[in-house]
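Asks: Pulled from Swiss-Prot, these are the listed features:
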COMPBIAS  350-362  compositional bias 'Acidic residues'
COMPBIAS  431-453  compositional bias 'Low complexity'
COMPBIAS  456-476  compositional bias 'Basic residues'
COMPBIAS  477-513  compositional bias 'Basic and acidic residues'
REGION    16-36  region 'Disordered'
REGION    341-402  region 'Disordered'
REGION    428-553  region 'Disordered'
ZN_FING   61-91  zinc finger
ZN_FING   125-155  zinc finger
ZN_FING   223-253  zinc finger
ZN_FING   275-305  zinc finger
Amino acid sequence: MAAESAIIPQLAESITPSSPAATCSGPMAGGDTSSNAHTSIPCQQDIVLDEQTKRELFTDTFCKVCNAVLQFESHRISHYEGKKHAQKVRLYFLKNELEEMALKTQRTDRVEFHVDGEVAQGKHKFCGLCNMVFSSPVVAQTHYVGKVHAKKMRQLAGEQVEWTPQTDQDFAAAAATSPVDSQTEIADSPAVEPTCDRRCEQEGSAEQQSCPDYEIDLNDPNKYCKLCCASFNKALVAQQHYSGKKHARNQARKKMMEEMEGTGVADSEVSDGRYVCPICNITLTSIEMYQSHMQGNKHQIKESMVANLMKTSKKNYDSFQDELADYIKVQKARGLVPKTQFRQEKDQYDSCDYEEEEEQEPEPGLLHGHINSKTNAPYKYLDRHPVPYPAHNPSHPTDQRVPPWAAHWEQASRPPKGHHLDLHKAKHISRSPTSQDSSDNSSGSSSDESSGSYKKDKRRKRKHHRESRLRGSGRIRRGDENSEKRKRKGEDADSGKEDNKHDRGKTSGGDKDKHRREKKKKEEQSKKHKKLKKEGEQRTEEEMLWDESILGF
């Protein structure tokens, strides 16, 4: 601090009127001697520094005026005693003094000019805060509501205050009385009238109350637009507004809302800001986007496709295939995947079984054993013995899914008892061809053999399905007979005891005959299955490989 106390007096002595650095006519920092400072800058004759300012600006390690770091004592002494430091200190204080003077002159000029303009023109012609002149009250209103006026208010008052022409008058009166404290008085002065801001544009009647000198007829389209909430002072301005983009956009939005109400769009969707296009299955967030989508090429194409298809879909179709084709076209036009499979796999499997029943029966010549020896057509593909179906196990229940017409069909088309045995014998004979036939078939191609075995397997499957259905229908018929017998027994119980004994003897004899018949049938079936097993064991390796690869067993 001793060094500082030694330096500061020298600095104060250097900043005196006699020193060349303190005179206004001396050279400045750039060395320009042609310009003199006293022509434009008032020079202070003496600079007096108090102790607090010295401590803030000049320290032992740093000079805030020059932004210089002082590490050593010799460096500090040479810096504070130098000419550059004295010149920068002088410029620093001159700059602060000029800024204060500029603020004072700006305040006084603004107040004087504001008072003169207010007296001469009026509140709708001039804004004293922004120094702006207006050509009409509408322009003045837009300025008072605008951003420039609000920014000026925030700069002066330090907070957001609504600015009106009445507050302009209060500001002018306060500035005339005390120009120095005008800023604080403006901040504390309340607004006398409500402002003409954007809320008065949305509410039609509020605008007349806010501006009593400029009343607007809301029913006159040349004075006010109800759709855009905008007011006009001339018919030309109204015409320009009606032909502008803003009015056209609002008009299109209103029209679109009316159309959406007519089509039955939910109010919740519109209130949430979601607009759905049912044809394209797209959700939009604004009505402008919805309007552009509805007018787009993609939507128009889809709409025309759906309309044409819906017109054609009202006709009566000749077949289900035509109706299904039109349904698929409509779904594809809407961008959806059509559902073409309406049945389950079980139904398809059952339909295949019913179709197999309708296939052609074997020729009657083969059933009775009449085979043409000249033409070897029946033995063309019988050189191999295909795999038969597994033996029927009577302990397992059979498939009871038999249509109601099966019993009547069986009674009408069932062959006699000996007919089934003749069919089995004929097929057994067909499976054992002569040596001549086997030699002819061995010379055939391998493709014919494979196709012949495949056809035989198909026939055998069909036969097995028919037999299983016949068995099921036979059981149903037996159940019906048993129920009839029970009814007869109940009727006989009401009659006399002698009649009951006689009837019971008859029924017991009939039951014994039925049991015998059932036993014979079971023995015959067991013999058939044994024969089929023996024939199945005679398969070759080629047939086994074919069955594994094609049939899966």
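Even glycines carry a Cβ here, placed using N, Cα and C.
Values in this document were obtained by computation on a predicted structure and should not be read as measured data.
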Asks: Are the zinc finger (125-155) and the zinc finger (61-91) close enough to be called in contact, which here means at least 3 C-beta pairs under 8 A that are separated by 6 or more residues?
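Replies: Answer no, regions not in contact.
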Asks: Roughly where does the zinc finger (125-155) sit in mean pLDDT, to the nearest integer?
Replies: 84
Asks: Counting by DSSP secondary structure, give me helix, strand and coil numbers for the zinc finger (275-305).
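Replies: Its residues fall into 17 helix, 6 strand, 8 coil.
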Asks: Using DSSP, what is the helix/strand/coil residue split across the zinc finger (61-91)?
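Replies: Secondary-structure composition of the zinc finger (61-91): 17 helix, 4 strand, 10 coil.
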